[in-house]
Amino acid sequence: MSGFYHKHFLKLLDFTPAELNSLLQLAAKLKADKKSGKEEAKLTGKNIALIFEKDSTRTRCSFEVAAYDQGARVTYLGPSGSQIGHKESIKDTARVLGRMYDGIQYRGYGQEIVETLAEYAGVPVWNGLTNEFHPTQLLADLLTMQEHLPGKAFNEMTLVYAGDARNNMGNSMLEAAALTGLDLRLVAPQACWPEAALVTECRAQAQQNGGNITLTEDVAKGVEGADFIYTDVWVSMGEAKEKWAERIALLRDYQVNSKMMQLTGNPEVKFLHCLPAFHDDQTTLGKKMAEEFGLHGGMEVTDEVFESAASIVFDQAENRMHTIKAVMVATLSKLNN
């Protein structure tokens, strides 16, 4: 793990394929050690700040449990718990927290915010999610894929992302494919494709590593032979209802359902989702979607697929913690370098 100590984790393309692979190997080891009761605390005495301008269940719990497992202490700064960007600049916040903490996690808005924190904090800064990238999620996804296709290299795997690919998930998947050589297919209406410049950059790297990146509106063509089908929510509570109708009309044909799974032609195809998922009407938003748009069986994924044996979403959720732990150990512990 040489080279990781005191390094930031802001986006995947900041790393080499070998570095990404070593992080995944460390995550797998830490997971095995935890389950066997042999985990060694390498972050004893470390203090970690968790800045959340956007709430999250999985990201917060993953960082907190990972830190506690490794002997570190955390301070949670929620959406109303800090003055960042309001009464105090990001630059000043970084310099204050950097004097008190050994590492800082940021989950919030623009990528420029986490980049500024990293520039001025003087300690490792980790991107828990920004509008542009979600690198910790992709680490968990890659570990989960390795676990479910043991013995297969990434450049022998086909990953399909169906839905709105313009977001941080689509961008981070492009970066993951660039580093691993995945056969990545973004199956989405053209209006929901990522920026062309990032696609071009990542496709060139993916091809050098034995993979490819394809963008298509054709569902049947896009999912053929897939090993994994991935999706994410189409709307959020913070958006105007007018956007809900527009987004649902645009993406309705890209819902992950049993027909899409069958179109892969792969009886072993697995379903991935970064969660939370609107697969039923048991949530406030899910109920609204069902009532207003007739999406009673699920929105971006049907309940049938979500609850099927093909669904490995809770393996993914668990792996958030193990991979985040690997990032913290690699960047904060001299014992691991």
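Cβ coordinates are placed from backbone N, Cα and C, and glycine is handled just like the others.
For ARG320 (carbamoyl phosphate binding site), the same-chain residues that are 6 or more apart in sequence and have a Cβ closer than 8 Å to its Cβ are ARG58, THR59, SER62, THR136, GLN137, ALA140. Secondary structure at ARG320 (carbamoyl phosphate binding site), as computed by DSSP, is helix. Swiss-Prot lists SER56, THR57, ARG58, THR59, GLN83, ARG107, HIS134, PRO135, THR136, GLN137, CYS274, LEU275, ARG320 with the feature carbamoyl phosphate binding site, giving sequence analysis as the kind of evidence.
Counting every protein chain shown, the Cβ of ASN168 (L-ornithine binding site) has 21 other Cβ atoms within 10 Å. Residues or ranges marked as L-ornithine binding site by Swiss-Prot on the basis of sequence analysis: ASN168, ASP232, SER236, MET237.
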Query raised in the report: Which residue, out of the binding-site residues SER56, THR136, SER236, shows the minimum number of other Cβ atoms inside 10 Å of its Cβ in this structure?
Result: SER236
Report summary line: Three-class DSSP assignment, ARG58 (carbamoyl phosphate binding site), comes back as helix
Query - Cα within 10 Å of HIS134 (carbamoyl phosphate binding site) - qualifying binding-site residues among ASN168, ASP232, SER236 - result: ASN168
Report task. Pop the Cα-Cα gap between SER56 (carbamoyl phosphate binding site) and SER236 (L-ornithine binding site) into the table, whole Å please. Result -> 13
Query raised in the report: For the binding-site residues ARG58, HIS134, which one has its C-beta crowded by the most other C-beta atoms within 10 angstroms?
Result: HIS134
